[in-house]
Amino acid sequence: MTKTILRALAGETQDVPPIWMMRQAGRYLPEYRATREKAGDFLSLCYNPELASEVTLQPIRRYGFDGAILFADILLLPQALGADLWFVTGEGPRLSTVTTEADFEKLKPVHAIDETLSPIYETVKILSRELPAETTLIGFAGAPWTVATYMIAGKGTPDQGPAHALKDENRALFEQLLGKITEGTIEYLSRQIEAGAEVVKIFDSWAGSLQGDDFQRYAVEPARIIIEALKRRHPDVPVIAFPRGAAERFKGFHAATGATCVALDDGVTPDWAAEHVQVSGCVQGNLKSSHMVTGGEELVAETRAIVEAFSGGPHIFNLGHGITPDADPDNVSRMIEAIRG
Ligand code: CP3
């Protein structure tokens, strides 16, 4: 097997870890900004297979990353389920909200998602033809809780307040919504795999705000259900789970969900994670993305410290969260050089 990401996911310890970055195709790259301009808005770019595959390939050409992540967004699934979706420049996503039974009943059936999402599968097909032989193609979706926080609030929220409120006030409706997103996610990821995705990642960006039993019920359990269903259909496709903000609850996440790899944010130290998480399987992470803005000696030292801490087991190098638009593209090269030498 020549693909280093697949080797790490198969449990292999490598001298030099494979590398990719969350949001590696994004606004910090001038070539991304140019293609986005050509597409018009962000959603037009997502639904244009030629241009979406082009921006997916840009960071691979520039940096030679070991993995390419499909260019799309976690909010395309709610849109395919019938939510209105638009992006306000400088502010982020806006959606029509689901807070009542009547809103929920208006959503489309899960099997209807392909009508909207077929251009995304086309992007995956183009990429599986065009990527270099050594590059792993990663598909993705949002985790049900994180997607629900946007569907309930109609936008991003600092504390996921509206979603917590619905959970407390109408748990039956909240769980129905999570169930529907879970089913939709299984279908969406299955289609990506059938189109050529070799690995899939589940982004639970707001898992950290689930307290007590809620973490088990709404972060662990939906991930377990999705992974079990995918493994039944596609037993050889590895799954990366990213319960961002899980803190000490990263421990045991492999076993509880069946994830092949647990992606770590920068809220845990590499030494702690090597001892408590990597013992259970492959880990991904976890350089602070602010180093891509500040650079310097600290970037190099932190990068090397992460590689060293995880050198005893399977590891995929990544940031702890997405690279930000103010990052310096040269710092990405410095990070890669610090890893590959
Ligand atoms: O990582 C990649 O390069 C692949 C593509 C990707 C995007 N979004 C493209 C994007 C992926 C994997 C995502 C995941 C995503 N989207 C998450 C989970 C990961 C995380 O960051 O926590 C979430 C919560 C979203 C929802 C979303 N999309 C928000 C909140 C925003 C606005 C904030 C922002 O960064 O502007 C987006 C927009 C978005 N998604 C952009 C990109 C490149 C920027 C859009 C632009 O070009 O203007």
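In case you wondered, yes, glycine gets a Cβ from its N, Cα and C as well.
Copied over from TrEMBL:
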| type | residues | note |
| --- | --- | --- |
| BINDING | ARG23, GLN24, ALA25, GLY26, ARG27, ASP73, TYR150, SER205, HIS321 | substrate binding site |
| DOMAIN | 18-27 | domain 'Uroporphyrinogen decarboxylase (URO-D)' |
| DOMAIN | 138-154 | domain 'Uroporphyrinogen decarboxylase (URO-D)' |
| SITE | ASP73 | site 'Transition state stabilizer' |
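Closeness to ligand 1 is met by ALA25, ASP73, these being the recorded positions among ALA25, ASP73, TYR150 whose Cβ falls under 6 Å from the molecule. Computed over the domain 'Uroporphyrinogen decarboxylase (URO-D)' (18-27), the whole-number mean pLDDT of the model equals 97. Classification of TYR150 (substrate binding site) by DSSP places it within a helix.
Secondary structure from DSSP puts ASP73 (site 'Transition state stabilizer') in coil.
If you take the C-beta of ASP73 (site 'Transition state stabilizer') and look for same-chain residues 6 or more apart in sequence within under 8 angstroms, you find PHE42, LEU43, CYS46, PRO93.
Residue counts of the domain 'Uroporphyrinogen decarboxylase (URO-D)' (18-27) by helix, strand and coil are 0 helix, 1 strand, 9 coil (DSSP-based). Taking the Cβ of ALA25 (substrate binding site) as centre and 10 Å as the limit, one finds 25 other Cβ atoms among all the protein chains shown.
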